[in-house]
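Asker: Sharing the record's features from TrEMBL:
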type     : residues      : note
DISULFID : Cys509-Cys519 : disulfide bond
DISULFID : Cys530-Cys539 : disulfide bond
DOMAIN   : 505-540       : domain 'EGF-like'
TRANSMEM : 681-708       : transmembrane segment
Amino acid sequence: MNSFSNFQNFFHSSSTIVVILLITSHIVLSNSITSKSIDLATLPLAPSTPSSIPAKSGFITTPNDAQLFYLFIPKLGSSQTSIDPNIPILVWLNGGPGCSSLIGMFMEIGPLRFKPSKGPSTTQPSLVDNSMYSYTQYYHVLLIDNPSGAGYSFPASKSPDTAMNVGSQFLLFAMQQFYNQYPQYVKNPLYLFGESYGGKYVIAMANAITQYNEKKLANQVTIPLQGIAMGNAWIAPDIQERTYGELAYIVGLSDYTGLIRVNSKQHQCHEFVEQQMYKKTGTGSGVCQSALNEMLRNAGGVNVYDYRLFGTYSALGQLETYLKRDDVKQVLLGVSSIDLAKTYHYEQCSIDIWDKFRVDFQQSYLSQLVPLLSKYKVLIYNGQFDLRCPVYGTNEYLRYMDWYGRFNFNYEPHYPIYMTNSNVNDPQKAIGIFRKYDNLTQVVLYNSGHISPHDIPQASLEMVRRFLDNKSFCSYSIAYNATGGGMCTGTSITTPQNSMTSDTLLTQCPNLCSGHGQCNVATVPATCQCSPGFYEQDCSTAKHDITFGMEATYRKNIIFGNTIHLYHLTMPYNDLSNGLFDIHVKLTKTSKLGKLHIYAYTSNETFVENSQIDESNIEDMRRRFPFHDLEDVNEKSLNMNELFRNRTRYITILLINTVDTESMYDLVIESDVSGKKLNPYLVTSIAIFSFLCITIIVLFLIYVVQYFNDQRILRSMKYEMAQ
């Protein structure tokens, strides 16, 4: 897996201050970057065309003497003397942690695509022209091998290769050195792209750049960061991992027994992460890996990065062999001789780095992503068939992520994406779907796995162009294309013929109004007209005034997959101002599907709303809602006894359907003065005691009757004998 490390405590440590000072001193005192002009078209096995692919490569010496290798490829055909400031620079980072970004260069986004040998009949692999679908066709691309020890980068000599040595501050330093070496590009918009674990790294790097730009000295360069993009990103492990079992079950890679086994291991993984045992033990979570392994065993050995395939990508091993060749190193590193090239080592995916970051693997970066959403454009995309970082997991962490646009984004419908050449005579199939709110865009690319640019290069480039060129992701208008076309603008959404129209998509109300309202299709988008007593955009929240001795009954409710229903109870001020009362809640699931969690809490504060709910942290939910039942059973009950009236104004009952399938349920809420409703165990005990007492009394009466009867007979016998 492509991945990287987590530095969520990095910015707050005293060591950070030292690092920043070191970075500043290097900028002032020395040039810490080398630059060689190279031509990628001269690489061994390269095709005859294109005849020239000019590039720059070199090493950036970090403050601790680590050497980060970089490869900068200007936009193909662009002038190197008169720089167009409107062409963005795209920084590409693979993950691992510890994998070379040259994987992305030769297998995904570069102008030359590595084509592996397919068997004994093919003597050797080759490089093929990929310029048509390369990101360098439209943008300047900067690839960095990081952390030190990955690819051609090599570790520090002054200090051990630890998390801090490969942190976001050192990539910040690398960007400062890049602009010192190439000041002509300082006005070009900058975008950071990270794949898989590289998503974590991009988030940390963007935060570092933001802080630097805010606090930099007047004579220091401003880094022109405009946005970030993360493909199949690994940024919220605990949320993403818990989708494995259900995903495999839904797509037919597992039976129900397999689902239970994976979920059992995933539950152990969740407890491991929830208690932060990876920090306490200093090791990674083997049980979390075992959940993934169990899923793959159930699936019969499919490729974890694309479950349409089996085994692994054969090209990776052959690419590693190719990049270790001395004649290849001579070109890429710009060294003068084969003998000098031999002194450089290539490590495609470093096991040492992976081992160093096992503890970091389970850290979440959601909280660090949130502040970036208000400052930069953010693209999060997934290939449809990835198991390791699946769409399902991305949807889940976006649903839980606590940011200002959470509610609106989660209720935003998805729309299809079509290629630019879709037209009335040749309507193409959708290449994916997207949804957008404010700065955040999510894309799902069809017919691809973990490395989408490799699987569907044309569609991947289409997505990147729309993002970097500030064009809409909406579908292309047939009429607009017929008159010259280009990327669509404005807010209109149209599709080619014979496909779902925007009207169909826009008339679907949020959650179909949760079964508690009518969908008003006269508005765009459609809105819910909630039934009396229900509110919020999807009518998922009910409000009820408590009347002691009366039941509040909600029957035949429909709750859709991964959604929330709230019930707010309000206490009347004139009842029991200083007394005690009881609340009894009974939940009955009336359908086979769905998995319902129920929570409740009492307070004198205002109601909790949907946007405040985040079940990604179960322990926090248990603290916030002291009454809860998370068991997977059809009938649940919550008994809130002897509540103080003068301390309780509001009672909130929360239902969460934790799976994708919809469910039905009945909810009954009873309330009364404490003591009026007896504890069922007490009632049972009283009944047993009463039965025993009655039995003893009956037996005693039988004994008394029998005794007096015996006495009567005895007296009668004595009388007869006396006669």
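Positions of Cβ are set from backbone N, Cα and C atoms, glycine also.
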Asker: What residue among the disulfide-bonded residues Cys509, Cys519, Cys530, Cys539 has the most other CB atoms lying within 10 A of its CB?
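Answerer: Checking each of Cys509, Cys519, Cys530, Cys539, the winner is Cys539.
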Asker: Looking only at C-alpha atoms, tell me how far Cys519 (disulfide bond) is from Cys539 (disulfide bond), rounded to the nearest Å.
Answerer: 10
Asker: To the nearest whole angstrom, what is the C-alpha distance linking Cys509 (disulfide bond) and Cys530 (disulfide bond)?
Answerer: 11
Asker: Using DSSP, break the domain 'EGF-like' (505-540) down into helix, strand and coil residues and give each count.
Answerer: 8 helix, 10 strand, 18 coil
